Amino acid sequence: MTHFIFVTGGVVSSLGKGISAASVAALLEARGLKVTMVKMDPYINVDPGTMSPFQHGEVFVTEDGAETDLDLGYYERFLRRAKMTKLNNFTSGRVYQDVLNKERRGDYLGGTVQVIPHITDNIKERVLRAGEGYDVAIVEIGGTVGDIESLPFMESVRQLMVELGHKRTMLMHLTLLPYIKSAAELKTKPTQHSVKELLSIGIQPDILICRTEYDVDADTKRKIALFTNVEARAVVVCKDAKTIYQIPRGFYEQNVDDLICERFGFTDLPEADLTDWDNVVEALLNPEYTVRVAMVGKYVELPDAYKSVNEALLHAGIKNRVKVQIDYVNAEELESQDVSILKTADAILVPGGFGERGTEGKMKAIQYARENSIPFLGICLGMQLAVIEYARHVAGMPEASSTEFNRSTKYPLIGLITEWLDERGELQQRSLESDLGGTMRLGAQKSELVEGTKTREVYGKAEITERHRHRYEMNNRFIEAIEQAGMKISGYSSAQHLVETVEIPEHPWFIAVQFHPEFTSSPRDGHPLFASFIDAAKTQHQKSK
């Protein structure tokens, strides 16, 4: 029987609902419970797959190929025993699309289709389905309490809490305690009004997570409890931390897990063992020294556009006991700049992306890394550009390009994938006329790594499974020419022999991959490719001293 914890936010956005929810999930998992998480997004887009990174940040790809909210990345990084799927994230757009399709088919037998019950029933069905087979499902509602877009979700939560009952549901509400410097005190009124807004919907919070920059004394906690109908011990202070990976320990010290276990009747559970999290925090806060990675992209003004890459580099720093400082380099600006901006870098990374804008700047950075023996990692488009750069400057194909940028190029090193097998082994076919949304090669795919290559050495095995998100791929017609020039194809897809990884054997560390290894990195386990990349950056750092 699944128990549900619903997570809402009030006062302002960006309070950290996803991180707080994931920290609670990690705490419950540490007590032996089987936990999953769900994110409900109120926007009308069917999914974030076609949204600009400047609007939404990163699109996180699950193993089964869902394009989801970046919060699902937090969920997977904090949980070890649960992987997110298509069931774990849905939007208003997805719900309305489903309901309208049913109406067109006549499923409602001519009845009037309304928000209540049709939209709310669809939301409830999705929540219950996602929670099947788990002890606890933590469900985050995007946006802020009071937003008009989230009202159907709030009503669905209210109904579920009534239908499932007190012993199977809880509501955790995040709020802000602002500090007024002129009065030298924390203000509780915004929290009171936020809870009042919840109560007007018919929802009583059970736990309050109070975000603040300052310590909160017992009197303030009692005041909050009095005016919000919450137990004083359920008023939890979440003070700004040096790293988000300190949050599980902070919640543990305030007995959040005990509150939940008591409510749900979970008895005889072991105490939470947070040793792994303590080790992560210790390594993060006490690095031996700093290495610098230049990340060359076109969305660098918004670091959330590369959230999983940023986190994977952080995790690699943990594994190598160094601090990884990311120097963001605007690829478009680099096209007209001198490469001297890259001279302080111990390693260079070109992440994924779409479109021609900024590609010449990225290739300029790739060429610099190749010619100056700087460790280089290319991801998705980063691999495609590494191949094009090598073809232009080493393999004698000066007009090499991708058909994404130039359909009439003389040397189409990169072309549209027209056929591939998806994660279920089903044939997928695409053309230039296909819709943009949901039409890429998505999700986990198996690859075979070539024996004797650095990539195989890094992974330590012949077959790997990594997640993909792309429409274009290296053209196999040019494999022989590229390899004769000195670049090695070090990995192929198991099903269609598509190029998955390339490397330069004569370079100290130059690897580029078509997939997205950042999606499977975690703070406790890291990822072998990123760990090896930062190890190479350490070597480069020592050489340059």
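Counting begins at 1 with the first residue displayed.
Note that Cβ sites are derived from N, Cα and C of the backbone, with glycine treated the same way.
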According to Swiss-Prot, which candidate in SER13, SER14, SER20, SER23 joins ASP147, ILE148, GLU149, LYS187, THR188, LYS189, PRO190, THR191, GLN192, LYS223 at the CTP site: SER13
Among GLU332, GLU333, GLU404, GLU451 - the residue Swiss-Prot places in the same L-glutamine site as GLY353, LEU381, GLY382, MET383, GLN384, ARG471: GLU404
Candidates ASP64, ASP69, ASP71, the one Swiss-Prot lists with SER14, LEU15, GLY16, LYS17, GLY18, ILE19, LYS239, ASP240, ALA241 as binding ATP: ASP71
Candidate with the highest Cβ count within 10 Å, taken from the binding-site residues ASP71, GLU140, ASP240, GLU404: GLU140
Integer mean pLDDT for the domain 'Glutamine amidotransferase type-1' (292-543): 91
Inter-residue C-alpha distance, CYS380 (active site, nucleophile) and GLN192 (UTP binding site) (nearest angstrom): 47
GLU404 (L-glutamine binding site) and LYS189 (UTP binding site), distance between Cα atoms, whole Å: 54
Residue pair GLU140 (Mg(2+) binding site), GLY18 (ATP binding site) - Cα distance, angstrom, rounded: 7
Cβ-centroid neighbourhood (8 Å) of the L-glutamine site, GLY353, LEU381, GLY382, MET383, GLN384, GLU404, ARG471 excluded: GLY352, PHE354, CYS380, LEU385, SER402, ILE414, HIS470, TYR472
Least surrounded among the recorded positions, given as LYS187, LYS189, LYS223, ARG471, HIS516, when other CB atoms within 10 Å are counted: LYS189
Diameter of the CTP binding set by C-alpha atoms, the set being SER13, ASP147, ILE148, GLU149, LYS187, THR188, LYS189, PRO190, THR191, GLN192, LYS223, in angstrom: 31
